[in-house]
Every structure is written in C-alpha cells, then in structure tokens.
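K.L.:
The structure is given below, and queries will be raised subsequently.
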C-alpha cells in the first residue's frame, strides 16, 4: 500500500511519466532495489525527495524499530491487563518450564508436533481442560483461582543456598528460582502462597528453627538467673558448717567456690557467642527476604529487563542512523566542495554538490542504488574518497549492521552506569531483537562477508583482464573498482563501470553473487532464531532457502519469457539479459543492463522485488518478531487466550 501511494504521488508530480513506470520505480525504491525503467536524473527535486522517503521507509535498519516498539507495547499491554507476567530484571524466557502444582510434571511437545496430531479446535479445548484438576484425585479446587508454577530466571542473585537442582551453574548472571502460586481470575493477581514451593518451605523451616532457638535461649537465661541464688545458699550453708571444721577443709571449700565461678564465666561467654551468631543469622535472613521481595515486582513493567533492553535499542538505533547520515553527508559534501574536478562533474550534470551528497548518502546506506547521474557512478570511478566512503555506507546499512551493533553494545556496556540492559542484549540477542546475533553467528557473518569480497575481487581480476570497461585505468584505479564492485554487486546496485562492456563470464559471476547476496545474513538470521525449527542448523536453512529461491525466480522468468516472446524471437533481448535483470530484482540489488520490458513484465518484476525483500525478513515463528507467540501449553499463553475469548 505504501508503494502504491508513493507511485500515485510520483505520477501526480511527474505526470508525463506512464503510471506503470511510476509504480515500478516506487516499489523499486521501497524495496531498496534501485531498478529504474526511465531516467530519473531529470526529475524534479520534489520527486527525488519523495524517492528518498520511500527508500528510508524500506531501510533494513529502520524496519527494526517497529519490531522494538511492538515488543514494548506488548509488554505494557500485558502488565496493564493483568499482573501475571512480571518480574523485575526478568529474562526473556520468564517462565520456561511449566509445573502444575497438583499434577505430575511432564514435558510438552512443540506446536508443530501438536498440529500434526490434533486440529486447532481440539488444541484449544485441551488448553482449557489443562487448567482443571482430575476429579478422580479428590482434591479441592477453587474455581476462582488458577494454580500455576514455573522457573523464574532472574538476573540478580536471590539466595545462594538454593536446593540442589535449582541452580544454574552455566549461567553466571542468571539464577533460577522455582515458583508456585495462584492467579485470581477476577482480580488478575498472582500470589506466591502455595505451600508446595521449595523456597516457601525453606523459609518456614528457617522460621521454625529460629523459634526453637529463641525458646532454648530463654530457658538458658532462666537457668542462669536461678543458678546464682542456688550457689549463694549452698555457699552459706557450707561456710556455717566449715566454721566448725579444720583449716584444711576451709581451703578445700574455697577451691570449690573458685571452680564454680570459673564455670559460670565460661557459660556466660558461650551464651554471648550463641547470641551473636543468632543475630547474624537473623540479619542474613532479613536481607534474603528483602532480595526475594525486590525482584518479584509483578505490577511494574518499567523494571522488566526486557523492557529496559528494548528501550536502550530505541536510543541506540536512531543514534546509529543519524550519526552515519551526518558523517556521510558532511564528508562527501565537503570533499565535493573542496575538489575542483568533482565540482566540474556536478556542474556538467546540473546537480548541486550538497544535494548529490545528501541523496547518495541515503541511497548508499539504505542499499537502494539510485543515482542522480544517468550512468550511475561511472563518472566518478576514479574518485577514491567518494567510492570508499560510499562503500562504507553500503555495508554499514546492510550486511554488517548486526556486527557493528554488537560492537556498540559491548563498548557501551563497559562505560555506562547501567550495564545490565546491554548485557542482557548481548547474552540474549535473538530473543529480543531480530538483527542482533550471538557472538558465534556474528563472527561467522563477518568472516563470510570478507570471504565473498576477496573471492569476487580475485575472480574479477582473473576473468576481466582485457575488458574494455577498465581501459585507460591504472592498477590502483582498477583495484579500487574491483573492490567497489564486490561491495555493491551483492547488495546496493551502484556500478562504477559500464556493465555492457564487461564480458559474459563476469556478468555470469555477478548473477551468482546477486543470487546469494543475502545468504550470509539469512543464515545467521534463521540459525539464531529463538524457538525456530532451523535453530543451529545451517544445512537445513540452506535447503529450505535454496528450494524457495530457485522456484520463485524460475516461475517469474518463465512468465517474462512468455510475455516477451516477440522480443526474444527478434533478438532484441536475450534470455541471459532477462535472467540478469530478474536475479537483480530478486536479490534487491539493482544492477541493470537496460532492457526493454512490457507492462506485464514490469508487474512480474515488482512481484520479484517484493519476494526478494520478504526473504530478508524474519519468519513469523521468530519469537523476537511475534512476542505473543508462546507455546500453547504455556500458562501465560493460555490465560491471554481465555481472556480474549471472554471479550468476544
């Protein structure tokens, strides 16, 4: 719909251009493909600015912001509807294991297995029945309450003396605590009042032990108070009797009194030590209770760790985009203003240098490949600074965005006063954000990207030695254009050399690179997806992607060949030219060798652009895209489902 509206606006401004061409260019800009059927260098500034807006709306980086906003909205809505899904500093898998308080624990199957055995209606009925107890168990159940349990995974330590089996030694920043409680259907409140919770039982045992110790202490104090009086009476009687005895007996009596006094002092010291130990134990117990009550804040989403982490992304991503735009615009514009040869090129094409800098900064960062010159960037193929700067903008806005985002988070976490949200993003990347990968997948993405670039440069140097496109160039300029072509061929679509002068072997190399243009990113995206069937399975990802990516272009090329059968028979165009343009559209690259197309073929190309853009997006089963998509057997998911049914 956005592409259609943009096309209508382009038609209203450039009314001489056919609507099908406006529609083609509008969707080409929105999908950041960059293919054009007419020369846009002569369009008005208003139309070009509209193209910049469409390009920005289709930006790979900008499209991640609505996902972040969606997840934050979901968290707020859940907290506002009920206070059952909450815990300050909770990790994304807040309740990962469901333990029913009256039923034996059992493992739940995945959604795919359930869908194979039961239809959707039966699954819904089973979801409702799972809340009810078995009548044969003869156990009392309150219809107003829903008893649930689970493992609460917190980011701060609560009790280091947890029972064995509940501690997670592999996660240094997370601590697992089993919880069991009830949810009131009417008030939607959750309470940890179930006696089956191990933590509650441990606290009750500690309280009983403290009460017993206090009773023993009171008994000891009473005995100590009675002991001096007894000792005095005994001493008086003994002294009266010993007055009639000899001096030796008197000395023995004095020795007895001394030993009793020493024993008394020892008992007092022992009691003091016991009281100090009890005081320390009480203080530790109170501190543990404070820590236990602090993270279990079930009524505030502002303390939720995932919510805080998403908030940091809402600041970092716009700052990332704006910073790159400013640096790219100023650097390119300043270079053009300071270079006489660059100014002469702009003047010859009737383009302002600063406007050229702004337009190409947006086009390069968003990998659109749209240019203000009719021959793309061929006129500046000897400008080292411009080509290198544009190439940096290209990979910062597409393939290497996850790499630099992870580096930024790592650096910020080292110097910020609040590092917990950043650490949460680094430790749980794909469960929170689509374009943030774990460390292993991030390194693999960067290594594969480097291998692709080096391989393309080497193959171009091997296959394109005597091509006319590189005549009158020195070795440094040739190597520069090899490098720029390796960066631009797979994503952006800028061309610094005339493609029609390249050999068919090099063009065939370009076809292969455009076809696999987004594979490094797609593989990292699918392998790192949370609760995905292709998680950590590169081979399965490649099979699924290749089957789909071969079938879709083949069908579209077949239809285009049917629509352009007359041009093929007359030799105006060739099958290879159709293949090159189709793969360029499907890969959202934008390289073109300028072929003539009919109206129906242009519509097929629009469908190819949209299909190519869709394959770079996460699947619908990705947890970081669909936060409400929890397992059907999860308690939270059931409660939300039943709540929606009541509203209906």
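From the backbone N, Cα and C atoms, a Cβ is placed for every residue, glycine too.
Fair warning: this is a prediction, and the values are worked out from it, not measured in the lab.
Per Swiss-Prot, transmembrane segment is recorded for 48-68, 313-333, 353-373, 385-405, 443-463, 472-491, 505-525, 550-570, 571-591, 592-612. According to Swiss-Prot, the region 'Disordered' annotation covers 106-145, 223-261. According to Swiss-Prot, the compositional bias 'Acidic residues' annotation covers 110-129. As annotated by Swiss-Prot, coiled coil applies to 199-227, with the evidence given as sequence analysis.
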K.L.:
Residue list, the transmembrane segment (571-591) vs rest of chain: Cβ under 8 Å, 6 or more residues beyond ends.
P.N.:
28, 31-35, 367-370, 489-493, 495, 499, 504, 507, 510-511, 514-515, 517-518, 549, 552-553, 556-557, 560-561, 564, 605, 608-609, 611-613, 616
K.L.:
Could you pull out which residues elsewhere in the chain have a CB under 8 Å from any CB of the transmembrane segment (353-373), counting only those six or more residues past its ends?
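P.N.:
Sequence-distant neighbours of the transmembrane segment (353-373): 29, 32-34, 36, 40-41, 45, 48, 51-52, 55-56, 58-61, 321, 324-325, 328-329, 332-333, 336-337, 342-343, 346, 379, 390, 393-394, 396-398, 488, 491-494, 588-591.
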K.L.:
So what's near the transmembrane segment (550-570) in sequence-distant terms, Cβ-Cβ under 8 Å and 6+ beyond its ends?
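P.N.:
Residues 515, 578-579, 582-583, 586, 596-598, 600-601, 604-605, 607-608, 611.
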